[in-house]
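Per TrEMBL, the features are as follows:
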- 453-545: domain 'DYW' (DOMAIN)
- 5-35: repeat 'PPR' (REPEAT)
- 36-70: repeat 'PPR' (REPEAT)
- 137-171: repeat 'PPR' (REPEAT)
- 238-272: repeat 'PPR' (REPEAT)
- 273-308: repeat 'PPR' (REPEAT)
- 375-409: repeat 'PPR' (REPEAT)
Amino acid sequence: MSERNLVLHNTMITGLLRCGLVEESKLLFHNMKERDSISWTTMITGFTQNGLDREAIAFFREMGSEGLEIDQFTYGSVLTACSSILALNEGKQIHAFAMKTSYIGNIFVGSALVDMYCKCKNVIYAGRVFNRMARKNVVSWTAMLVGYGQNGFSEDAVRIFRDMQRNGIEPDDFTLGSVISSCANLASLEEGSQFHCLALVSGYVSCLTVSNALITLYGKCGNIEDSSRLFDEMSCRDEVSWTALVSGYAQFGKANETIDLFEKMLASGFKPDGVTFIGVLSACSRAGLVDKGKEYFESMMKEHHITPVTDHYTCMIDLLSRSGRLEEAKNFINNMPFPPDAIGWSTLLSSCRFRGNLEIGKWAADSLMELEPQSPASYVLLTSIYAATGKWDDVAQLRKGMRERGVKKEPGFSWIKYKNKVHIFSADDQSSPYLDQIYTELERLNSRIISEGYVPDMSSILHDVEDSEKIKMLNHHSEKLAIAFGLIFIPSNFPIRVVKNLRVCGDCHSATKYISKVTGREILVRDAIRFHLFKDGSCSCGDFW
């Protein structure tokens with residue numbers, strides 16, 4: 001072309017950047033005799049889209065020093081760059097610059113700031129920006145909702161969605177999928193089901209984002225049959241769809257179904273990712289399929305070229321130690337490219353407690369104490385090993401160490417939802433207004449299950465007291481109080497759903513099996529490890545958890 005103007009140069013830079021030709025675009029940009037705000041913004045946007053976030057931020061600084069006008073698109077692109085690399089300080093500086101240039105009231109810039117602060121895990125700042133926005137659109141509301149959900153504030157995410165509806169903003173498929181994911185994190189089946197209805201009415205149920213979130217929701221709430229049905233009804237699936245159902249089956253302890261589904265996923269040409277393999281490895285662990293798990297771990301690296309992260313190594317530690325191969329687990333840890341995290345050490349220590357292996361247990365406990373000196377897990381699990389072997393002097397010494405270091409054991413809580421209210425119980429709870437009814441129900445249940453063959457498992461009581469006192473302490477565990485509440489108030493045609501923040505102890509697991517038998521009720525307990533569906537005197541985990 002004999003003549004090239006500014007518009008043509010800007011168009012050419014856009015084309016080069018969209019094709020990933022970054023160096024060519026930089027050369028053209030620097031050779032331009034004239035540049036305007038669009039030239040600079042195009043470069044910043046292109047850098048961001050090509051993963052060159054640091055260069056995008058550097059260009060923004062240079063653009064500011066040139067005195068050029070910065071518009072909403074420039075701010076949006078550079079804030080996206082800050083979000084990608086969690087550059088909170090740079091994001092704050094751009095926030096301040098936006099305030100000086102009077103762009104802070106712009107809906108596009110405000111939404112980008114909310115997203116940036118949420119991605120940088122500063123939800124408080126995100127909330128302040130959001131609350132000060134005079135105008136908000138679906139992007140603004142969704143950014144805040146997603147931010148709450150991704151930072152562990154799932155209840156706030158659901159609240160924001162309700163506020164969004166009250167303000168007359170119609171959600172899109174991404175918003176709806178995000179709020180359903182928050183319900184999944186809360187294991188809130190009732191609210192999740194309401195959003196499922198909304199998805200059906202709005203037609204968004206056919207969108208992958210929403211369908212995948214629903215599969216995850218029902219899986220995390222223990223309705224694996226509904227997850228499977230939704231999966232089967234999908235006309236189009238992606239890797240996330242398969243992974244969601246694989247993870248659901250794994251958490252429910254359905255090892256064979258997990259493996260079968262994973263093999264179908266591979267046969268269908270879908271590529272598993274690291275999350276998929278976490279589900280498969282954990283399923284192998286909970287079914288004791290050691291050789292199968294080791295085979296998948298090797299294939300993950302060699303065939304699928306996925307580099308294992310901490311969670312994969314923790315699954316392997318769990319796989320080996322749960323099956324009693326404690327020496328092999330120790331050797332595996334010694335050959336890892338990096339030491340286990342707290343969950344990995346706790347997993348090994350928990351198996352040592354179950355197997356009564358004091359030597360490896362002491363090694364795991366010392367490593368955990370060194371990693372997290374204030375964590376109670378190492379003290380509690382090692383205490384239980386000493387208590388099981390009658391080493392009460394060692395138990396007393398450990399407890400003294402906990403007091404001196406100010407370490408407190410995490411209390412166990414169980415909760416159950418009834419009439420849109422969550423009822424929370426702790427061991428020996430004295431706060432519930434239904435206390436007399438609950439304890440009366442427990443006494444009645446205890447007599448019935450003992451007559452059926454239940455024998456209290458006192459190994460979880462870490463106090464040197466009489467057996468009669470140990471039995472009394474076992475009877476008032478938080479999950480038993482919650483189950484008794486459910487038996488009293490939840491209609492007989494509905495399952496009883498209990499959530500617990502810690503792992504279910506052996507005695508409560510045994511007792512609940514008998515309770516399901518004598519009452520004829522389905523009892524679903526979601527603990528810190530997995531789901532347990534108790535029905536007709538047996539548990540879905542096969543007593544392996």
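Including glycine, each Cβ sits where the backbone N, Cα and C put it.
Fair warning: this is a prediction, and the values are worked out from it, not measured in the lab.
Long-range contacts of the repeat 'PPR' (273-308) within the same chain: residues 239, 242-243, 246-247, 249-251, 253-256, 258-259, 262, 265, 315-316, 318-320, 322-323, 325, 530, 541-542, 544-545, each at least 6 residues beyond the stretch ends and with a Cβ under 8 Å from a Cβ of the stretch. Within the repeat 'PPR' (5-35), the DSSP-based counts of helix, strand and coil residues read 23 helix, 0 strand, 8 coil. Summarised by DSSP class, the composition of the repeat 'PPR' (137-171) is 26 helix, 0 strand, 9 coil. Sorting each residue of the domain 'DYW' (453-545) by its DSSP state yields 38 helix, 16 strand, 39 coil. Across the range of the repeat 'PPR' (36-70), the DSSP-based residue counts are 26 helix, 0 strand, 9 coil.
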